[in-house]
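Input: a single structure, listed below in structure tokens.
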Amino acid sequence: MHDEETVRGSGSSAQQAGTSTTPQPALPTPYSEQTSVRRTSVFGAQPASTGASTGGDTESLPAVPAAAQTAVTPSPSAPSPQTAAAPMPAAVPPATSQTSTLRSAATPAVPAPAPETESPSEPADGDGERTARSHRSERKKRWPLWTAAAALLLLGVSGAGGYAYASHYADTAVPGTSVGGVDVSGKTREQIVELVSKRAQDAAVTISGDVEATASLEDLGTTIDAEATADAAMARSADVLDRFKALVTDNNVAVVTTANADTAASYAASLVPEDQAKAVDATVTLAADGASFTTTPAADGTGLDPAPLESTAAKAAQTLSSQTVELSYTTVAPTVSDADAQAAADKANGLVGLDVTVATTDASSSFTADAPTKASWITIKPGQDSKPAVSVDAAKVGEWVAAQSAQVSKDPVTGQRNVNSRGEVVATRVEAVNGVVVSNSEDLTSAITQSLTEGKAYSGSFVTSEVEASWEDRTIADGAENLIYQAAPGEKWVNVNLAAKTVTAYEGATVVRGPVSIVDGAAETPTITGTFKVYLQYASQTMRGNNVDGSRYVTPDVPWVSYFQGGYAFHGAPWRSSFGYSGSHGCINMPVSEAKWIYDWAEIGTTVVSHY
């Protein structure tokens, strides 16, 4: 098989020989047969009449597939082409299976321009110099014509091969494409992603010197984006023109990576053994009084410079291969010096010393943040250069503003009124009181934060608005307006009249039981007064308590017990033969039958009003 260089050399020799009417010997085929093809000179052939023989303007060449021919550059020593335009050659017949290929079948071919014939007449000796200049000028004018003719011929004879080439590389990396020095020509995007991912996973950095370790790229904070790298490798395949340009230009695609210097620094620090003193940063801390800031000192240490790790990891990523690096211990200064920490502490203490006051609009109340409170607003964290940066925490400021706002704000009090069946107000149980709400808490928080950040004191005011209170109207039973308790229609309630020593049961304004004589608490242990609710009942209970003299009493099997407040209850008193006086430990002693009636009739939640 003939390689590309051999064929190009043959074409150059033919051009130097000039135009010949004698057919040239055909190149041997792989099977020692000779195949010849007649080729008409592109530039030197004369127009031929119909049926005329072209034997004088052709030469014999080996048959080469149209899609596999390589463009031949005209020899610089060849004479300039004639002025007359040459006709396009006839289509080259397809190659047989015995024809040797010069390059990939998908490579477009450009026929070599035919040698020129000499001018039929030579100029006179006196005109030689002028004629030479004229010929050189003509050659310069004709070069664009040669280029255009070659391009037209390329399109004409390589259409099928060019289409096949362009189609093939539409979905694969074009020739000459490499990623990190690895040839990926002809690979699909998925194959490139897989290749890059695999090599990225296998790539490592071997560390030697004062420490020994093997780190992955991930350990050193270097990440390879296989997807983005594959996209970059496939970029030239998206454009038809770029696919053909790839035949003459290489495309070494850089691996797409990201690096995290902090990760590399942390890994370098982790390699230092515990027996080696590490650098200690100076710090800023809240003092014991909680109202100021102080510092702790810095100290030098032994460490490893992370820069070589970063650069070696970057090289491993770009070459998709493992690398080595040698590290030596160095004296490492702390990132935060004593001066850095003291500067931050001074700034923080300066902020704590600024006054922050917020008052009500009418100046009736004002609120000033104390030093511990302002110190709690200060945050000290590493800045972009790892030095301590002082800032004001807006969230903490907001908490303080909210706490002061709560003292200024007041919820409205809902009024409660009793109305009769005609809607007339007969009594006001609770007066309605309008509320107050602070409407600028967020603005105050932002203003205080900004003022302190700028190193300025702050004084401002709460903006308040009134919230109108509402009323709840309770309809009572007709006639209940004159009773000790204004009950709703049908509402059950018990009237304990301590002055009359009676108990009366009502539903609304209607008496349903009583009045019943009772024994209430003695002077030393009086019955409680007020409005209560029945909350606990027993059919029978053993009662225990203290006598006035401090001794204990125990009364078993007390019947029909209904508690309405603490240890105060209605209950039967079978040990009493008369009622209508004071003498109990505080409970309402009743005849057993009346106590049972109350037990059966009253429900948990029934109102009890005890009064004189």
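Residue positions begin at 1 at the first shown residue.
Any Cβ shown, glycine's included, is placed from N, Cα and C.
Within its own chain, H571 (active site, proton donor/acceptor) has Q541, M543, V558, P559, W560, V561, S562, C587, I588, N589, M590, A595 as residues 6 or more apart in sequence whose C-beta sits under 8 angstroms from its own. TrEMBL lists H571 with the feature active site, proton donor/acceptor.
DSSP classifies C587 (active site, nucleophile) as coil under the three-state reduction. What TrEMBL records for C587 is active site, nucleophile.
The feature compositional bias 'Low complexity' is assigned by TrEMBL to 9-24 (among others).
Under the heading compositional bias 'Low complexity', TrEMBL lists 62-97 (among others).
Under the heading compositional bias 'Low complexity', TrEMBL lists 104-123 (among others).
Feature annotation from TrEMBL assigns domain 'L,D-TPase catalytic' to 492-611. Broken down by DSSP into helix, strand and coil, the domain 'L,D-TPase catalytic' (492-611) contains 10 helix, 69 strand, 41 coil.
What TrEMBL records for 143-165 is transmembrane segment.
Cβ neighbour count for C587 (active site, nucleophile) (all protein chains, 10 Å cutoff from its Cβ): 24.
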